[in-house]
Amino acid sequence: PPPSPSPLPGSDDDELWEDMGHRPLLNATQGAGALSDIAAAYRQLLGVVKLPAVWGLTAFLLSYRLGVLSTESAYSLKLIDKGVAKETLAFLVLFQFPVELGTALLAGRWAASHSPYAPFIVGYALRLAVCAALLLLTDAFPAGAASLSEHAGPFGALAGLSLLSSFGSTLTFTALGSFFNSVSDPAMGGAYLTLLNTIANMGYILPRTPVFWLMDRLTRAACMGPDGKLFDAACPKKAKDFLGPSACMELGGSCSLRADGFYLIGWACLALGGVIGLVYIRYLPVLMALPLNRWRVQVR
């Protein structure tokens, strides 16, 4: 059948036509104006990136997680590598969830009612302390632990440390969010906040790959013969695979871990985090005390 004709402009059918969603496309002038507005918004955002204050904040956001990133990201994987039951670890996470909601509420209220500096420093120090305890607990955790009833102490300590870590993380996150909100330019809408949050997320995403790569590279397993001599045979890097078939076992030897990259990187990052924290104690008050015009782009 032939297509139905479009309604005449200005008629009642024309209004019904538009109400049904058949609105005319932007004309050339409107389209050029929209493109001009988009280009102006990107130029303004580029101007924000060039601000010295934002450069200083970027250096901070890309580095403040370095002290805790390796341990917080990999301790559960290390426990699984030691043979700890994944189901029990998953149950702990499920059990902690309602408690974490309460601690998140407390942390959020504190961080929102004070200057962002104090909650952030407390949360940062707490995360460093918890990561040190997690490294010690992971090393001492009984291999192959599967039951909460048989290993209530280690699993209880792990649950407590996980809650403290979550509390510290919420403190730092909420404090930074409060600071971002105080320095962002309302005239730019949510673009300023989105930019700062994106930079903060890069501080978590970018270091992960090199950190895990270093953990793997620094892990060394050796093949020991019955007389204690080293055999030139390959061993798996995961402790749970040492008793499985390998070139070492074929020669009558046994595999043992000589160096563990998880602990080497974990303690090195903690030391780095402590040094960086001492810098933050002096640097953050200066950064947070900058006048608002240092965070604004001058529109010409």
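Yeah, the Cβs are placed from backbone N, Cα and C, and that goes for glycine too.
TrEMBL entries are annotated by machine, without manual review.
Feature annotation from TrEMBL assigns transmembrane segment to 53-77 (among others). Same-chain residues lying 6+ beyond the ends of the transmembrane segment (53-77) with a Cβ under 8 Å from its Cβ atoms: 89, 124, 127-128, 131, 134-135, 138, 165, 172, 176, 183, 196, 199-200, 202-204, 206-208, 211-212, 215, 262, 265-266, 269-270, 272-274, 276-277, 280, 283-284, 287, 290, 294-295.
Here the transmembrane segment (89-111) has Cβ contacts under 8 Å with residues 76, 79-80, 119-120, 123, 148, 155, 158-159, 162-163, 166-167, 170-171, 174-175, 178 of the same chain, all six or more residues outside its ends. The transmembrane segment annotation in TrEMBL covers 89-111 (among others).
Summarising the annotation, TrEMBL assigns transmembrane segment to 117-137 (among others).
As annotated by TrEMBL, transmembrane segment applies to 158-180 (among others). Residues 61, 64, 72, 79, 92-93, 95-96, 99-100, 103-104, 106-108, 110-112, 116-117, 119-120, 122-124, 126-127, 130-131, 133-134, 137, 141, 193, 196-197, 200, 288 of the same chain lie 6+ residues outside the transmembrane segment (158-180) yet bring a C-beta within less than 8 angstroms of a C-beta in it.
Per TrEMBL, the feature transmembrane segment maps to 186-207 (among others).
Marked as transmembrane segment by TrEMBL: 262-283 (among others).
Counting residues 6+ beyond its ends, the transmembrane segment (186-207) has Cβ neighbours under 8 Å at 41, 44-45, 48-49, 57-58, 61-66, 69, 176, 180 in the same chain.
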